[in-house]
Amino acid sequence: MTWICVITLFALASATLGNKVSRVGVLFPKTRNDNECTARGGLKGSCKSLIDCPSVLATLKDSFPVVCSWNGRFQPIVCCPDAIAPPPVTTTAVTVISTKEPKLPRLHISGCGKRKVKIDITTVGRSGSPILPPISTPQNSTGGRGIIAGGVEAKIGAWPWMAAVFVKNFGIGRFHCAGSIISNKYILSAAHAFLIGGRKLTPTRLAVRVGGHYIKRGQEYPVKDVIIHPHYVEKENYNDIAIIELKEELNFTDLVNPICLPDPETVTDPLKDRIVTAAGWGDLDFSGPRSQVLREVSIPVVPVDKCDQAYEKLNTPSLKNGITNNFLCAGLEEGGKDACQGDSGGPLMLVNNTRWIVVGVVSFGHKCAEEGYPGVYSRVASYLDWIAKVTNSLDHAVTN
């Protein structure tokens, strides 16, 4: 390439000598002496043979040099700059794309997760069954099925965030599902309980009772709306979560208080080997009688991969993607303890320093307390962004 440029210079020079008039942009600047010159860019330089000026040789393909003279017809003497001009400084607008996950909201209602009725944290219910047994020795099934299959009756006031949802027909309310209080206006529940046959239950037909131990007691509140997760699809089990908005605000008492939502830091926590508690008024057995009092059961968390292997055997179309990390699974390997029909929408709870947190929403299972099939819950931590949006960050009633 260099020699092509030299030949080009020679051709240009020949044309110049032949016509005696320069017709190209080759400059012959006047200087104080024959050796000094001004190179392109205004740099001071000295006249040298092209071969002896590497900086000019390097730029021949981009621009013609300043020619001082010719040594014969084939050797141009060029203005070789004494110093190389620094490249021009350019500024380019740079868009920085963060690779970090967006910060999840911290949704805490002041005083949430506290039980105002004094209860021994290691024993609950009339039978004194431990709700937080040692992790290394989880509870064994007694063979009987109580809860919510396999549980015990809760002590009055043990779970002040429990809510019972009723559907009214001709003015008569019928128990429909459960939920958990997360603020004075919102109840967390399951989507599948409110979307039936492609239609959402009319809010005016719904009522929520709180503060009751017996299923037919408690304070009743009308429902303003039910917000179903936008990605929930009927007859599938994914994104099975909903929020009930009440027409009137709840009055918090010893028997009515919100449960805490998970901290953002728990989103990826598998809760391995943790003992969790479910509560509700559901069936005492699969297709069995319904409980008339609030019951509870404590069960260990089952790893998602193990849970997925279990449900893969059923080859059910409602789980086309298997059990994902947006679920939590819990139950005894030998069965005997589980949530059951009617417990849908109720909370799966975890205690942390005496503060109770809703980590799951009762979603589905294979029958109830079936051996080898843990209960499956919508993982609340996976939906914190959606909950914050729907509740307008719990209507700003948030404390960090």
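Note that the numbers count up from 1, one per residue, in the order the chain is shown.
Heads up, the Cβ atoms here are built off N, Cα and C, so glycines get one too.
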Cys307: disulphide-linked cysteine among Cys329, Cys340 [source: Swiss-Prot]: Cys329
Swiss-Prot annotation, disulfide partner among Cys68, Cys80 for Cys47: Cys68
Recorded disulfide partner - Cys37, candidates Cys5, Cys53, Cys79, source Swiss-Prot: Cys79
Cysteine paired with Cys80, where Swiss-Prot records a disulfide bond, from Cys53, Cys112: Cys53
For Cys47 (disulfide bond), the one of Cys37, His192, Asp240 that lies nearest, given that the recorded positions are compared by Cα: Cys37
Shortest C-alpha distance to His192 (active site, charge relay system) - which of the recorded positions Cys53, Cys68, Cys307, Asn352: Cys307
Nearest recorded site to Cys329 (disulfide bond) by CA-CA distance, among recorded positions Cys68, Cys80, Asn251: Asn251
DSSP helix/strand/coil residue counts for the domain 'Clip' (36-80): 12 helix, 20 strand, 13 coil
Coarse DSSP state, helix versus strand versus coil, of Ser344 (active site, charge relay system): coil
